[in-house]
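J.: Let me begin by handing over the structure; questions about it come next.
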Amino acid sequence: MAAVRTRGEVIRHRLSVTAVLVILLITLAPIFWITATAFKPRNLATTMPPTVFFEPEISPFVKLFTKRSQLREPPTEEVYNAAPWWEKTVFDGGEKVVRSGRGEVQPSGYPSRFLNSLIVAITSTVLAVSMGTITAYGFSRFKVKGEDDWLFFILSTRMLPPVVVAIPMFLMYRAVGLNDTHLGLIILYTAFNLSFSVWLMKGFIDEIPKEYEDAALVDGYTRMQAFFKIVLPEAATGIAATAVFCFITAWNEYAFALIMTNRRAQTAPPFIPSQVGSGLPDWTVIAAGTFLFLLPVAIFTFLLRNHLLRGMSFGAIRK
Amino acid sequence: MSDLAIRNLFIIPTIVFLIVFNIFPLLYSLGYSFTDFRASTNAPANFVGLDNYRTLLSDPFIWRNFTITAKYVIVSVTGQVIVGFGVAMLLNREIPFKGLLTTLLLLPMMLSMAVVGLFWKMLYDPNFGVINYALGLGKFEWLADPDMALYAIAIADIWMWSPFVMLLSLAGLSAVPKHLYEAAAIDRASGLYTFFRITLPLVAPILMIAIIFRTMEAFKTFDLAYILASQPTTEVISIRLYKMAFQEWQTGMSCALAYIVLIMVLAITNIYIKYLNKVKER
């Protein structure tokens, strides 16, 4: 924009900045609220009027990772004093940590779901990005008959509604025993991300001058060596950005996970909402689980900030 | 290896993978859509021809699901375009920390829809929800009220996806050549005239991409609506499909409905990809 000049323009400019700040507040308020709830004592989580100022606690996170039961009577002083600091926070909330016969702390359902999410998201990302990169190179550098049609076909698989694909996949997985397995989810997420990865990587590889490889080929490199030693390093930023996008998509996915898994391979997105279920949910624990689940995505969003436009438009808009 | 061999080695596995895990299952369900198969029983599937399609297309309840979906798409996409484009217009100037501001504004669209649904449920709660408190609405039932629930879901969707429209609009706005505005200023053109004759036409192609993409996504919506409310008035088509397939176990019938939905989505996808390629050529 041109430099601000007249008084009217100054006022308009200030009003716009104020409006942007108000919208920023509205945008961040729900995220702030879930984060705040994750650090509240249980009795302050669902008050009316809502509690904004409070002394942050770590107890929701302790409760998030452990299996607990309601205390009928307060623990004896001896038991309380012998407990480690984190267990005390659970006692303070009127609950106790469930231990096995040998005194081992029993975990809640959360850690295994979190781990499943990591396994599935990381593996499917590696597969989708490596296959996507070589396919993008193939489309970028060689003549392919009906190239546009193939690329259209590839992207259209990404647009299929998950529930539509899930019905036959569920039946096929049931027939071969892939329901509720990591492998089953990994295959689905790889397929889902593959088309995205091809489109995005094609944009990045198209930008690498062909002359680099041609020079290498003249110098006696084989095509494979040129690909691995010249193209891949040049495409590193693009590969990283694509990988982060694929990871976030797989990490966030809900519908397939809901339908295809129920316990062993269940990921965090279907698990976290299922905690609300019946009775009086402990919102501090749900918020703590949500906070930990959203944190990696928030960090990645900052790392990705210069590639968001490109990623969200499948590489079509580069700026 | 020859270039031809490398090309095939690089491209064919991806194509095969997508055919095996996307196209083949769809053919499989196309077959089932002509049967009365129920995955919950061991009874063999009987061929019923086009009966499933006939039943579905004449079922007033399915039409209601489509109507609800259409209403949801219109409300939610309109809201996203107004908010997203509006914020982009506001942001399209020199502002301190603009990069950081923009990134923070984009955060909602990167989050998991299921988890966003969950924490909006908390915000909407009639007893302790922050929204009722902030707006002074007492114990207003956002999600239990059959008339309000769909709008409540759309509001959460607008919160989440306006940033997407904003992101694309910003790209469109920054591509408008500055000299056009300078020329308009010299001609003493009004703000409104400048907007409709310069800004809007030049941003239109990118804005169209945002609109078509969001329309397609809103049409497919499942996570947010499924987690936020379970009213008959919020049963969008994906939820109907899910219930038919995995709760009522009408497998054959649900495959037929899936095909009806699929054809609609492919039609929108076709338009979307045409626009993507158009913008790319610029």
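Every residue gets a Cβ built from N, Cα and C, even glycine.
Okay, these came from TrEMBL:
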TRANSMEM  B:9-28  transmembrane segment
DOMAIN    B:66-272  domain 'ABC transmembrane type-1'
TRANSMEM  B:72-92  transmembrane segment
TRANSMEM  B:99-120  transmembrane segment
TRANSMEM  B:148-173  transmembrane segment
TRANSMEM  B:194-213  transmembrane segment
TRANSMEM  B:251-273  transmembrane segment
J.: I'd like to know if the transmembrane segment (B:99-120) touches the transmembrane segment (B:194-213) in this structure, counting it as a touch only when three or more C-beta pairs sit under 8 Å and are separated by 6 or more positions.
T.: no
J.: Residue list, the transmembrane segment (B:148-173) vs rest of chain: Cβ under 8 Å, 6 or more residues beyond ends.
T.: 68, 71-72, 75-76, 79-81, 83-85, 87-89, 91-92, 102, 105-109, 111, 113, 116-117, 120, 124, 141-142, 199, 202-207, 209-211, 213-214, 217-218, 221, 224-225, 228-229, 231, 233-234
J.: Six or more residues beyond either end and a Cβ under 8 Å away: which residues meet both conditions relative to the transmembrane segment (B:99-120)?
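T.: For the transmembrane segment (B:99-120), the sequence-distant neighbours (Cβ-Cβ under 8 Å, at least 6 residues beyond its ends) are 87, 91, 152, 156, 159-161, 163-164, 166-167, 170, 223-228.
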